[in-house]
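Listed in TrEMBL for this protein:
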DOMAIN    605-673  domain 'STAS'
TRANSMEM  126-145  transmembrane segment
TRANSMEM  151-172  transmembrane segment
TRANSMEM  201-224  transmembrane segment
TRANSMEM  280-299  transmembrane segment
TRANSMEM  320-343  transmembrane segment
TRANSMEM  390-407  transmembrane segment
TRANSMEM  466-486  transmembrane segment
TRANSMEM  492-510  transmembrane segment
TRANSMEM  522-553  transmembrane segment
Amino acid sequence: MANSNDSPEPATSSTFSLSIPRIEIRRSSSDTHLDKVQIKSASVYNIHGLSGSQHSLSVPPIHKDVVGYRGSNEFILTDDKQSMMDQIKSIGPWMRRKCKNVCRRKILYKRVPVLNWLPKYTMDDAVGDLVAGITVGLTVIPQALAYSSIAGLPAAYGLYGSFVGCFVYILLGSCKDVPMGPTAIASLLTFQACDGVWQRAVLLCFLSGLIELLMGLFGLGFLIDFVSGPVSSGFTSAVSLIILSSQVKDLLGIVAKGNTFIEQWSSIIDDIHNTQLGDALMGFICIIVLLLMRLLPRIKVGPPEETDQSVVQRIINKSLWLIGTARNAIIVIVCGGIGAAFYENGKQPFRMIGDVPSGLPSVQAPPFSVPEVVDGNGTVTQEYESFGDMLGNLGSMLIVIPLIALLENIAICKAFADGKPVDATQELIAIGVSNIANSFVQGYPGTGALSRGAVNNASGVRTPFGGLYTGLLVIFALLFFTPYFFYIPRAALAAIIIAAVIFMIEVRVVKPMWRSKKTDLIPGVATFVACLALPLEYGILVGIGLNILFILYHAARPKIHMDQAVTPCGVKYLMLTPDRCLIFPSVDYVRNLINKHGLKNQIPVVIDCTHIYGADFTAAQVIDTLIKDFKSRNQLLLFLNLKPSVGNVFEGADLEYRVFYDFEQLDKAIRECRRKSIQA
């Protein structure tokens, strides 16, 4: 806004002067019209035209003896405070507006993604989803049986948590490649939280899903931004080693316990003399075979381009790919057959997973207490736990598991998004509702698994509808194949897990991280070590805490670029340019650094505020002290390109400072100061 009296000079002049007042507008709480306009101090800027001509918007200085000015050019709109009754009355219209926004068609399509792709569903999509769904199902079933042992639960609970979530994700999921179900990391966290008590695991699934849903509704997906890449890599690598260690006992047929890496290996070493030859032999052979089968999809017969291959070559390549992809299911079937053959002959060289209840789980509410269990001798094998006791035992895992589940899920979405944006809020809603639904069929917490996501993508999945066939295959297995699961050796399942998690150890990121920024290795290595030595929730907190400390350190230690400049008349001055905002952790450091350079050079100092986009009251106080330091030794201190928002903070603290927005005025002020000092 400008006054009409402040019109430009005639065109014969190369510059024009325009005064822009700073205006404060007050609006009445009851009326919509503006009832008071108060003109405050003016502000100035210098404008450089594209043609090279310079135009200045000049403002009278606030102090007559100060070259330059103080103030800002912001228009400030302030409202009078509303009464309590007015605030209460405004709640109803506010809620109606919010409900209207929520019920919009756009929001509905965003929060129920199936409405977007289902009307455009084609036969090609159906074929792609069918093939991918069955392929993933062949991977899910053996993994679910194996992950149950990581969670310390009977094998059936892994299958219980592997089908309902697939159906829910079809409706709410935004990524076609995410297969919902148990994962290695979620299973380990479940074991550490529940210690093998299935009631706790099911309640944890319900509460985790509820927290994930609430996080999604309140838009808290940004919380994963506090888990940096190095911390995530350190956590994943440590978890992989812990999972691998937890399976060594089944691989060797011994008994071992422990939550942390150190506890597990201490227990393994104590009982390693009881190693069972049959389990160890089968386990190591299965690992070798699985690793070799993993290479089969890379083998290509014939020309590299599929269009140039013959029909026979295509069949061979597809068969190799299918065998390599379904390697876990093949190992389970073969080893189960071997186990059944030995068992029928009255021999048991392997430990079996035992009976798996046949049929689907009953649909019921998650348990909110743990009943007391007494054996035949009257000994209490499981003590009664109230809901409060269960919450106390679950502890911080109620927060850690939802965050890690989101982290795993988003990793899949980003890996196969092809550059498209990922909606973390929608994914939180999808996995939250999926876990809530899983808890009603006695499942434990799950999310999308990156390994299954890769299989899903490689199988040619088109939409989330592929989860339907995966879920149906798990139901089919529960209805008809559970009697045969009895014969599956535990060593075979342990081999499946070890062959999978060994590739989750992210050694490959160390070299590029070292080349890129060596200090990023500190939180990564610290997280890795802490997760191995401490419970996992403390380990990841160590990594996040170190990241925050690094951020605070960088905020408290801004870089200041120093240049020695000379005015056109030959007067030297020092130009100091901080590279970030002035906030309370950094201002004392900045003050000491500026004082140090000022004392060392004893020439006028100019602080270039181009990169200072914000300041606080503490910064204003310290800058006031800095100005007084320079004034006490009769050394000139000037400011250049101060942002209006920062100027407001300085004005609020009543600072007496001099600021300029072009080098011509700056040089003039330095020259004038030099002339006065010579005369004095």
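Think of each number as a place in line: the chain as shown, counted from 1.
Using the three backbone atoms N, Cα and C, a Cβ is placed for every residue, glycine included.
Within the same chain, the transmembrane segment (280-299) packs against the transmembrane segment (492-510): three or more Cβ pairs sit under 8 Å, each pair at least 6 residues apart. Ranking 126-145, 151-172, 390-407, 466-486, 522-553 by CB pairs under 8 A with the transmembrane segment (492-510) puts 126-145 at the top. When Cβ distances are compared across the two stretches, the transmembrane segment (126-145) makes no contact with the transmembrane segment (390-407), since fewer than 3 pairs at least 6 residues apart fall below 8 angstroms.
The transmembrane segment (390-407) makes no contact with the transmembrane segment (151-172): fewer than 3 of their CB pairs lie within 8 A, with pairs spaced 6 or more apart in sequence. Taking Cβ pairs closer than 8 Å, the transmembrane segment (522-553) reaches residues 188-189, 192, 226-228, 230-231, 233-235, 237-239, 241-242, 259-262, 395-397, 400, 404, 509, 513, 585 in its own chain, all 6 or more past its ends. Taking DSSP states H, G and I as helix and E and B as strand, the domain 'STAS' (605-673) has 36 helix, 11 strand, 22 coil. Distant neighbours of the transmembrane segment (466-486): 128-130, 132-134, 136-138, 140-141, 144-145, 155-156, 159, 162-164, 166-167, 169-170, 173, 176, 179-180, 336, 340, 352-360, 456, 459; these residues of the same chain sit at least 6 beyond its ends, with a Cβ under 8 Å from one of its Cβ atoms.
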